[in-house]
Amino acid sequence: MSSTIFYRFKSQRNTSRILFDGTGLTVFDLKREIIQENKLGDGTDFQLKIYNPDTEEEYDDDAFVIPRSTSVIVKRSPAIKSFSVHSRLKGNVGAAALGNATRYVTGRPRVLQKRQHTATTTANVSGTTEEERIASMFATQENQWEQTQEEMSAATPVFFKSQTNKNSAQENEGPPPPGYMCYRCGGRDHWIKNCPTNSDPNFEGKRIRRTTGIPKKFLKSIEIDPETMTPEEMAQRKIMITDEGKFVVQVEDKQSWEDYQRKRENRQIDGDETIWRKGHFKDLPDDLKCPLTGGLLRQPVKTSKCCNIDFSKEALENALVESDFVCPNCETRDILLDSLVPDQDKEKEVETFLKKQEELHGSSKDGNQPETKKMKLMDPTGTAGLNNNTSLPTSVNNGGTPVPPVPLPFGIPPFPMFPMPFMPPTATITNPHQADASPKK
C-alpha cells in the first residue's frame, strides 16, 4: 500500500498529495515530485520552500525525512541570483545562481557545510547581567568588523568593464554605411554624433525632415544632389528623406479632394431638407402632417400593433429608441422597429402634393427653380451664362416684370453653337425695343 504526503501551496485553498512507497520521503525528493507534478519548469527562476503548517518552520535540510501522512505548506518565491567577477569575465552571466530550484530537477542534492566558528565566540553568559551581555555583543561585532577590514585590505581589486558599452561604441566607429545621412548638416561622410556643427554654438541650420508617419502613397521620389544643396534649401522646398536615404516630397491626396468636391456638388444640386420641416408649407393638409415633426411626412410608416397612425420613419424610430419602445401617440409598450409597416398610399399622396406645389410655385422638391437646377447639372460651377451676354429665361422686360420662358422651335439647340461676338460696354443695348424706335437714316 502506497504512502501519502499532503501539500498545499500558500496561495491555494485545495490540498494535493504525493504518493510514494515507504514510511517517509526526504525533503529533496518531495520538492522534486512537487515540481514535476505541477510542471513548474527547470527551476532556474524560482526557489521552492516547504514549511510545517503548525510551527511554520522551514524544512531547509534536503536530507530530512518527512514521515508519511504529513501535511506541509509549499511556497514558491523568486530566485536569488549572485554573480561573481569570474563568471562575468568568462561571459557566462547566468552561471552563478544562488537559491534556485535547479538541483531538484537535475537530481543533485545540496551538500551543507558545517559553519566554522571563529575564535571570537561568546563567553559563558551564565551569571552575567543584561548590561554585560549587551556590552559583550557590541564587542564581538566590533572584533568581527576589524577582522573583515583586514581581509579586505589584503584583497586585490578587479575592475570589470561592461561589454555592452564596448560593442555600442564600436558600432558607431568608422565610416557610415551607404545611404546614411547626418540629419543635422546633411553630410554623408560622418555620424551625427561626430557632426562638425555640434561644437558650433552659432549653428542655426534646420534639420532635414524625415517621413515618419506619412504613408508611402503620399510621397513622390525626386532626384537631387545633396552635395550642392543645403538643409535650408531642402526645408524651403519641403524635401524629406526616407529610411533608405532617398529624397521625396509630399503630394496631395487627389482622390479624397475629388470625393469632397463631388459630395459638395451633389449637396448643391440636391438642395436642403427644408421641405420636411415644420411651417415650410402653409397649406399642408392634416393627413400629410407628421405628428412628431409637424412637417410633411417623410417615408411614412404605420404602427401596425397599436394606433395605426402615420409617422415619419426616421422621427418615429428615434422616438421609439429613446422611450424604450413606447408608442409616442397611444403609449403602448413593446412597439419594436420590425413592426413598422411602410404606407405606400400615403407616400403617393405626398408625391402628388409635392408635384402640385411645384406646379403652383414653380419650385421643385429641393426648393430650387427647375431651370436653375438644370443649369447646375450642366455647369456645377454656376458660372455659365454670367460672362456672356445671353438672356436667361427669367429676364425682365420694359416694365420690370418677369417674362415666362418661350420655347424654342424644333431643331434649334437651347444654347448658341458659336461664341457671341464681343460688344463694348458703351454700345450695349439694354432694351431691344429702343433699336426699333430709333429713326432710320
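Just so it is clear, glycine is given a Cβ too, placed from its N, Cα and C backbone atoms.
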According to Swiss-Prot, zinc finger applies to one of these ranges: 90-107, 144-161, 180-197. Which one is it? 180-197
Feature phosphoserine (Swiss-Prot), candidate list S71, S82, S221, assigned to S221
So how many of the residues in the domain 'DWNN' (5-78) end up helix, strand or coil by DSSP? 12 helix, 31 strand, 31 coil
Do you know the DSSP helix, strand and coil residue counts for the zinc finger (180-197)? 5 helix, 0 strand, 13 coil
Cβ atoms near S221 (phosphoserine) (within 10 Å, other residues, all chains): 9
